[in-house]
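J.: OK, Swiss-Prot features for this one:
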TOPO_DOM  1-8  topological domain 'Lumenal'
TRANSMEM  9-29  transmembrane segment
TOPO_DOM  30-74  topological domain 'Cytoplasmic'
TRANSMEM  75-95  transmembrane segment
TRANSMEM  98-118  transmembrane segment
TOPO_DOM  119-136  topological domain 'Cytoplasmic'
TRANSMEM  137-159  transmembrane segment
TOPO_DOM  160-164  topological domain 'Lumenal'
TRANSMEM  165-185  transmembrane segment
TOPO_DOM  186-190  topological domain 'Cytoplasmic'
TRANSMEM  191-211  transmembrane segment
ACT_SITE  ASP200  active site
TOPO_DOM  212-262  topological domain 'Lumenal'
TRANSMEM  263-283  transmembrane segment
ACT_SITE  ASP271  active site
TOPO_DOM  284-311  topological domain 'Cytoplasmic'
TRANSMEM  312-332  transmembrane segment
TOPO_DOM  333-339  topological domain 'Lumenal'
TRANSMEM  340-360  transmembrane segment
TOPO_DOM  361-384  topological domain 'Cytoplasmic'
Amino acid sequence: MAEQTYSWAYSLVDSSQVSTFLISILLIVYGSFRSLNMDFENQDKEKDSNSSSGSFNGNSTNNSIQTIDSTQALFLPIGASVSLLVMFFFFDSVQVVFTICTAVLATIAFAFLLLPMCQYLTRPCSPQNKISFGCCGRFTAAELLSFSLSVMLVLIWVLTGHWLLMDALAMGLCVAMIAFVRLPSLKVSCLLLSGLLIYDVFWVFFSAYIFNSNVMVKVATQPADNPLDVLSRKLHLGPNVGRDVPRLSLPGKLVFPSSTGSHFSMLGIGDIVMPGLLLCFVLRYDNYKKQASGDSCGAPGPANISGRMQKVSYFHCTLIGYFVGLLTATVASRIHRAAQPALLYLVPFTLLPLLTMAYLKGDLRRMWSEPFHSKSSSSRFLEV
């Protein structure tokens with residue numbers, strides 16, 4: 001009886017839960033530092049391009065980076081709700097198109113994930129000169145290698161439907177979204193995460209009362225028809241051509257099998273990406289403070305704040321909050337034996353410590369509205 005009562009405690013050390021914790025944290029940390037490195041590279045390119053004209057614009061950004069403003073933060077949960085309803089009611093009609101679009105995006109994202117490794121492998125034997133492909137653009141050998149490997153992985157996933165390949169593609173999507181999407185201020189971060197918390201709670205806890213089914217869980221776990229199977233049926237290629245391929249579980253989540261093989265743990269990529277955007281923001285702000293004369297950047301903190309407290313980075317504080325929130329969400333799901341809206345736990349455990357620390361350090365006003373308004377220096381070192 002006691003073993004059954006505390007079975008949730010034993011499940012926390014199961015391989016599936018440990019893998020979920022480690023991978024989600026590693027993806028957030030890696031994606032945040034990829035984002036920071038992209039900022040450094042963009043600054044260097046701007047300096048090089050403007051050195052001949054004698055001017056430098058410190059506020060320019062890369063066109064490939066998408067910054068979320070307040071309006072987008074408010075309407076993103078509404079758009080996500082509409083997309084969720086479309087997938088719930090019309091999944092059979094849109095599943096093939098959605099699967100193909102997801103495969104294309106996953107290919108690009110996983111190529112981005114592999115790019116640093118491919119650059120390391122090709123550096124000794126290949127110069128960084130770009131090869132022209134006409135209207136398709138110019139690419140380095142590392143970019144071509146990473147894209148080729150990504151295409152191969154997606155093709156194998158389509159043929160096998162293996163969960164490990166799906167996880168790899170989901171990891172690429174997580175890292176790419178954290179690296180290319182930016183939160184400009186703490187105000188936008190609070191608007192976005194608060195709206196998504198309400199979105200997550202509503203669709204997990206209350207959608208069953210309206211639609212007689214848990215919309216979030218059904219959409220997240222519903223497999224899609226394999227495009228090869230659909231193509232073989234449309235072209236009447238016969239029963240033995242393309243009919244033995246499996247249905248595909250789309251890479252909108254990370255799944256890991258338990259040590260007993262009896263079940264899979266699941267974590268949606270939104271529960272990694274959205275807190276990851278906040279972690280990316282605070283990492284950039286930590287670096288900004290180091291560039292702008294260290295601790296003198298923000299308004300002076302209260303006199304009772306110790307020097308050790310002043311040295312604690314916002315990134316460390318928020319990352320610990322993410323871990324505690326994810327742990328709490330896991331415990332809640334095990335105790336109640338039902339799906340839980342992870343953002344219900346992740347948002348308070350990340351935002352509240354961050355807001356408290358920013359207030360105590362005297363940085364809250366700056367972080368709230370204009371955290372990066374001044375010209376940054378060329379310092380490239382951050383202790384984490």
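One-based numbering along the chain as shown.
Glycine too: its Cβ is placed from the backbone N, Cα and C atoms.
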J.: Select the range from 165-185, 191-211, 312-332, 340-360 that forms the most Cβ-Cβ pairs under 8 Å with the transmembrane segment (137-159).
T.: 165-185
J.: List the Cα distance (Å, whole number) between ASP271 (active site) and ASP200 (active site).
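T.: The separation of the Cα atoms works out to 10 Å.
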J.: Select the range from 75-95, 98-118, 165-185, 191-211 that forms the most Cβ-Cβ pairs under 8 Å with the transmembrane segment (9-29).
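T.: That would be 165-185.
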J.: For the transmembrane segment (263-283), could you work out the same-chain residues 6 or more beyond its ends whose Cβ comes under 8 Å from its Cβ atoms?
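T.: Same-chain contacts beyond the ends: 14, 16-17, 19-20, 24, 27-29, 31-33, 35-36, 68, 163, 170, 173-174, 177-179, 181-184, 186, 189, 192-193, 196, 220-221, 251-257, 313-315, 317-319, 322, 325-326, 342-343, 346-347, 350-351, 354, 382, 384.
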J.: For the topological domain 'Lumenal' (333-339), give the DSSP counts of helix residues, strand residues and coil residues.
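T.: The composition, in the requested order, is 4 helix, 0 strand, 3 coil.
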J.: Taking the transmembrane segment (191-211) as the first stretch and the transmembrane segment (312-332) as the second, find out whether 3 or more Cβ pairs fall under 8 Å, excluding pairs closer than 6 in sequence.
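T.: Contact criterion not met.
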J.: Can you give the mean pLDDT for the topological domain 'Cytoplasmic' (186-190), rounded to a whole number?
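T.: Taking every residue in the topological domain 'Cytoplasmic' (186-190) and averaging pLDDT yields 96.
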J.: Going along the chain, which residues six or more apart from ASP200 (active site) have their CB under 8 A from its CB?
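T.: Counting only residues 6 or more apart in sequence, the Cβ neighbours of ASP200 (active site) under 8 Å are MET216, PRO341, ALA342, LEU343, LEU344.
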J.: Take the topological domain 'Lumenal' (160-164) and find every residue of the same chain, 6 or more past its ends, with a Cβ under 8 Å from one of its Cβ atoms.
T.: 226, 245-249, 255, 257, 264
J.: Using DSSP, how many residues of the topological domain 'Lumenal' (160-164) fall into helix, strand and coil, respectively?
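T.: Going by DSSP assignments, the topological domain 'Lumenal' (160-164) contains 3 helix, 0 strand, 2 coil.
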J.: State the residues, same chain only, that lie 6 or more residues beyond the ends of the topological domain 'Cytoplasmic' (119-136) and have a CB under 8 A from a CB inside it; answer 'none' if no residue qualifies.
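T.: Beyond its ends, the topological domain 'Cytoplasmic' (119-136) has Cβ neighbours at 142, 144-145.
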J.: Near the topological domain 'Cytoplasmic' (186-190), which residues from the same chain, at least 6 beyond its ends, have a CB less than 8 A from one of its CBs?
T.: 68-70, 73, 277-278, 281, 351, 354-355, 358, 364, 367-369, 371
